[in-house]
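Trainee: Input: one structure, supplied below.
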Amino acid sequence: MSFRGGNRGGRGGFRGGFRGGRTGSARSFQQGPPDTVLEMGAFLHPCEGDIVCRSINTKIPYFNAPIYLENKTQVGKVDEILGPLNEVFFTIKCGDGVQATSFKEGDKFYIAADKLLPIERFLPKPKVVGPPKPKNKKKRSGAPGGRGGASMGRGGSRGGFRGGRGGSSFRGGRGGSSFRGGSRGGSFRGGSRGGSRGGFRGGRR
């Protein structure tokens, strides 16, 4: 009881990974015992009518894969797979007439070779980094650069244009407001009020 319950957490992750292999066993369904069998597990103890085994094979069994004795007599089928990848356990659902308590510790169970999956299938695959693409990078880096240059050119021209306006040379040419710009800048306004402005008004009269 404790073994089965204690490993249910691990079983969840394991089961999710191995369900892909479950469909594979259905594709290769065969009648009768296989021609050859390989060692799959060693008996540990019975649990709720099932057999709990420690895997002695480097590969992982399919769910529902038939399990045999060495003489190819079928004992049952793989029911659950437990534990981490480096220490795999599994349970056997006994067939009709087979008692889990009739086995002793160390008894071996067997499986057909086509009911096994390589353990590498369940290991995380490293990310493959592709070769750099210098052509694409050059195009990408060149486009923003050109844009930046154009933007700077626009910014520069605006700055210069505004500077001219602020300096009153252009504005003055347009509507005489250069004198205002200059007057705001300092001495010219005072002078214009004191002299030029008065003289000009006098001239108009």
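Just so it is clear, glycine is given a Cβ too, placed from its N, Cα and C backbone atoms.
Sharing the features that Swiss-Prot gives for it:
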- 1-23: compositional bias 'Gly residues' (COMPBIAS)
- 1-31: region 'Disordered' (REGION)
- Arg4: asymmetric dimethylarginine (MOD_RES)
- 4-21: region 'RGG-box 1' (REGION)
- Arg15: omega-N-methylarginine (MOD_RES)
- Lys77: ubiquitin cross-link (CROSSLNK)
- 124-205: region 'Disordered' (REGION)
- 143-205: compositional bias 'Gly residues' (COMPBIAS)
- Arg147: omega-N-methylarginine (MOD_RES)
- 147-205: region 'RGG-box 2' (REGION)
- Arg154: asymmetric dimethylarginine (MOD_RES)
- Arg158: omega-N-methylarginine (MOD_RES)
- Arg162: asymmetric dimethylarginine (MOD_RES)
- Arg165: omega-N-methylarginine (MOD_RES)
- Arg174: asymmetric dimethylarginine (MOD_RES)
- Arg180: omega-N-methylarginine (MOD_RES)
- Arg184: omega-N-methylarginine (MOD_RES)
- Arg189: omega-N-methylarginine (MOD_RES)
- Arg193: asymmetric dimethylarginine (MOD_RES)
Trainee: When you measure from the Cβ of Lys77 (ubiquitin cross-link), which residues in the chain that are at least 6 apart have a Cβ under 8 Å away?
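Mentor: Expected: Asn64, Ala65, Pro66, Ile67, Ile92, Lys93, Gly95.
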Trainee: Across the whole of the region 'RGG-box 2' (147-205), what does the mean pLDDT come to? Round it, please.
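Mentor: Here the predicted model's pLDDT, averaged over the region 'RGG-box 2' (147-205), is 44.
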